[in-house]
Amino acid sequence: MALRFPRFSQGLAQDPTTRRIWFGIATAHDFESHDDITEERLYQNIFASHFGQLAIIFLWTSGNLFHVAWQGNFEAWVQDPLHVRPIAHAIWDPHFGQPAVEAFTRGGAPGPVNIAYSGVYQWWYTIGLRTNEDLYTGALFLLFLSALSLIAGWLHLQPKWKPSVSWFKNAESRLNHHLSGLFGVSSLAWTGHLVHVAIPGSRGEYVRWNNFLDVLPHPQGLGPFFSGQWNLYAQNPDSSSHLFGTSQGSGTAILTLLGGFHPQTQSLWLTDIAHHHLAIAILFLIAGHMYRTNFGIGHSIKDLLEAHIPPGGRLGRGHKGLYDTINNSIHFQLGLALASLGVITSLVAQHMYSLPAYAFIAQDFTTQAALYTHHQYIAGFIMTGAFAHGAIFFIRDYNPEQNEDNVLARMLDHKEAIISHLSWASLFLGFHTLGLYVHNDVMLAFGTPEKQILIEPIFAQWIQSAHGKTSYGFDVLLSSTNGPAFNAGRSIWLPGWLNAVNENSNSLFLTIGPGDFLVHHAIALGLHTTTLILVKGALDARGSKLMPDKKDFGYSFPCDGPGRGGTCDISAWDAFYLAVFWMLNTIGWVTFYWHWKHITLWQGNVSQFNESSTYLMGWLRDYLWLNSSQLINGYNPFGMNSLSVWAWMFLFGHLVWATGFMFLISWRGYWQELIETLAWAHERTPLANLIRWRDKPVALSIVQARLVGLAHFSVGYIFTYAAFLIASTSGKFG
């Protein structure tokens with residue numbers, strides 16, 4: 001018999017129903033469950049697939065550069081970044097009538113185009129790219145790296161080049177390599193690029209391969225470096241009247257600590273950014289020499305962990321046994337990596353708008369909104385993934401004997417206390433926040449807005465004041481004008497910081513009031529509830545009072561029959577599934593808050609947010625309804641306009657989202673019956689009955705239908721909000 005899909009599971013390949021296809025797709029990447037898998041092959045497969053992943057990333061970024069060079073208006077944008085709209089790529093659509101062609105022909109293009117809201121123009125401009133030729137060169141280089149990655153992936157699947165398991169488990173060497181080699185050397189290389197290409201570019205000096213050996217990045221060259229007079233590199237920075245990309249008002253400094261923003265570009269000083277990357281490079285280069293490898297010097301991570309027993313015995317045997325537990329569990333390592341990456345992605349969202357690093361990006365409001373929302377959603381998915389793999393670790397990899405009384409075992413021992421505390425925090429936040437919002441709603445409905453309960457966020461205001469914000473009048477730390485820190489800050493370190501904090505046109509330490517206080521606690525409710533579901537799912541993954549032998553059922557079982565008092569919806573997968581809804585809900589609140597506050601800031605009517613955000617009707621009416629008018633007007637009696645694509649996407653997003661419920665709120669028997677009826681009709685219909693299928697059609701399993709429903713819900717939810725966000729922002733600010 002010919003090999004049927006899936007080849008990795010002979011059991012599934014012989015399944016006579018359509019379950020074969022769906023289960024095959026679902027388990028294609030679960031290498032551990034494949035036939036004749038060994039630990040060695042498992043590691044080698046994952047390693048090789050990393051190169052494929054890199055190849056895709058390089059190909060994708062190469063495509064961005066290529067399409068902008070070919071169909072964009074980068075060179076025109078460089079001449080006037082604030083008024084030319086950056087083009088992502090052309091649109092060729094045979095359905096376009098004349099009104100559509102006219103609506104989408106913008107940015108000086110000859111035909112219909114898409115506008116770029118990704119910030120790539122600002123990024124490329126900041127790092128020194130100026131011409132289409134530069135973009136093509138970058139695209140070709142990335143294409144080359146993509147091909148190289150594919151070759152490397154193929155190479156490491158050949159018998160001679162397959163690394164051994166011991167190589168994969170050599171944690172110290174890997175850590176040294178990643179810290180020094182990846183983070184250290186790449187940060188140093190980036191500093192080099194900024195100093196040699198980007199900073200001269202910002203001063204009107206065009207540095208390329210033909211002249212980069214002749215153009216000194218600093219008038220004194222490496223003299224100050226070797227003589228130890230490093231402060232010379234910080235002298236004579238760009239002046240506040242510097243015009244970015246020209247020599248007008250420029251200085252000669254390359255590594256500075258100015259703080260604050262370049263007055264014209266509203267972005268961080270490039271010389272500060274170079275200084276930052278140099279510091280990071282030194283830190284990581286040192287960190288990458290700390291662990292013991294072939295040379296017998298440095299720390300052994302196992303020794304560090306074994307020795308780390310907290311005093312007083314309150315954490316039992318501390319970190320004993322953790323080294324082998326982590327080093328032998330891919331799921332534990334993936335969980336740690338995802339948790340770290342998730343936090344970093346969310347931090348990127350927060351910092352890209354509050355401390356913009358790219359020239360003129362702060363004045364491109366739609367891009368700011370798109371980037372913030374994009375990074376927050378990505379962070380949410382990555383963080384939920386961390387807990388999912390944490391749960392799989394407990395089911396597949398956790399060994400109680402190896403971890404007796406260490407911090408991991410004690411987490412499991414104390415899980416009731418952890419879960420109940422999280423539950424209490426979620427209930428407290430939910431009832432109090434909703435109570436305040438609803439009270440305020442009722443007061444407005446009855447025409448007595450003065451009876452609202454409005455709480456000033458005094459602790460948060462105090463923290464902002466401590467960092468230098470003077471408008472609250474707290475007179476503490478950096479906002480205390482006669483304190484030593486304030487006076488040192490004016491001259492020695494970051495003189496621009498205090499100006500930036502108190503400048504109301506940027507997004508650094510936005511002024512906050514009662515509306516912020518309420519939405520902060522609404523978001524805290526969402527975060528705590530999401531965490532509760534995820535933590536409970538992971539800590540109960542091996543077993544609970546109701547189902548002590550849960551680990552024997554694997555990660556994603558739907559139910560264990562009618563006994564035991566009801567064992568449906570309690571698998572670790574079910575917890576992940578529920579948590580994703582809460583994650584989306586929470587990030588919805590986060591992005592609503594960010595977007596509304598910024599729209600009012602950019603429009604200069606901050607009082608609208610302050611007055612309307614203290615009650616739910618304000619959010620529904622003055623944020624969602626008021627800002628959806630652009631979408632509703634995408635198509636109107638006068639024809640269409642450039643927002644119509646977002647109007648269409650808004651409707652399509654709702655359709656996808658609503659389709660999710662068809663899978664989420666429906667029992668399996670209904671679908672099975674429907675499918676059998678359809679199959680029966682098909683087999684008895686002339687012509688149609690000439691086409692037969694090999695697999696008997698069966699309904700999706702409960703878990704699969706939930707996954708399909710969750711995927712539609714998530715994708716539709718994000719599509720809908722993306723269209724709303726981009727249309728409402730670009731409709732106002734262009």
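Cβ atoms here come from the backbone N, Cα and C positions, even for glycine.
From a predicted model like this one, the values you see are computed outputs, not experimental measurements.
According to Swiss-Prot, the feature transmembrane segment maps to 46-69, 135-158, 175-199, 273-291, 330-353, 369-395, 417-439, 517-535, 575-596, 643-665, 707-727, an assignment based on sequence analysis. The [4Fe-4S] cluster binding site feature in Swiss-Prot is assigned to Cys559, Cys568; the stated evidence is sequence analysis. Residues or ranges marked as chlorophyll a B1 binding site by Swiss-Prot on the basis of sequence analysis: His654. The feature chlorophyll a B3 binding site is assigned by Swiss-Prot to Met662, Tyr670. The phylloquinone binding site feature in Swiss-Prot is assigned to Trp671.
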TODO: Could you pull out which residues elsewhere in the chain have a CB under 8 Å from any CB of the transmembrane segment (707-727), counting only those six or more residues past its ends?
DONE: 26, 117, 366, 369-370, 373, 377, 577, 580-581, 584, 588, 591, 595, 624, 627-628, 630-631, 634, 643, 646-647, 649-650, 652-664, 700
Task: Same-chain residues near the transmembrane segment (575-596), Cβ under 8 Å, at least 6 residues beyond its ends - done: 353, 369, 372-373, 376-377, 380-381, 383-384, 387-388, 391, 516, 519, 522-523, 526-527, 529-530, 533-534, 536-538, 540, 609, 613, 619, 623-624, 627, 706-707, 710, 713-714, 717-718, 721, 725, 728-729
Task: Sparsest-packed among the binding-site residues, when each Cβ's other Cβ atoms within 10 Å are tallied, from Tyr670, Trp671 - done: Tyr670
Open item on the list: Please report the Cα separation of Cys559 ([4Fe-4S] cluster binding site) and the residue listed as 'chlorophyll a B1 binding site' in Å, rounded to an integer.
Closed with: 31
- [ ] Give residue numbers and ranges for long-range contacts of the transmembrane segment (175-199): same chain, 6 or more residues beyond its ends, CB-CB under 8 A.
- [x] 126-128, 207, 212, 215, 217-218, 254-255, 270-271, 273-274, 277-278, 280-285, 287-291, 293, 301
Open item on the list: So if I draw a 10 Å sphere around the Cβ of Met662 (chlorophyll a B3 binding site), how many other Cβ atoms end up inside it?
Closed with: 13
Open item on the list: If we skip the immediate neighbours and take only residues 6+ beyond the ends of the transmembrane segment (517-535), which ones have a Cβ under 8 Å from one of its Cβ atoms?
Closed with: 384, 387, 418-419, 422-423, 425-426, 429-430, 432-433, 436-437, 455-457, 460, 575-576, 578-579, 582-583, 585-586, 589-590, 593, 613-614
Open item on the list: Given a separation of at least six residues and a C-beta threshold under 8 Å, show me what packs close to Cys568 ([4Fe-4S] cluster binding site) in the same chain.
Closed with: Pro558, Cys559
Open item on the list: Give the nonlocal contacts of the transmembrane segment (135-158) in its own chain as ranges (CB under 8 Å, at least six residues past its ends).
Closed with: 44, 47-52, 54-56, 58-59, 61-63, 65-66, 68-69, 72, 74, 124, 129
TODO: May I ask for the distance between Tyr670 (chlorophyll a B3 binding site) and His654 (chlorophyll a B1 binding site), taken between their Cα atoms and rounded to an integer number of Å?
DONE: 24
Open item on the list: My understanding is the cutoff is Cβ-Cβ under 8 Å with a sequence separation of 6 or more in the same chain; which residues meet that for His654 (chlorophyll a B1 binding site)?
Closed with: Gly716, Thr720
TODO: Compute the C-alpha separation of Met662 (chlorophyll a B3 binding site) from the residue listed as 'phylloquinone binding site', stating it in Å without decimals.
DONE: 10
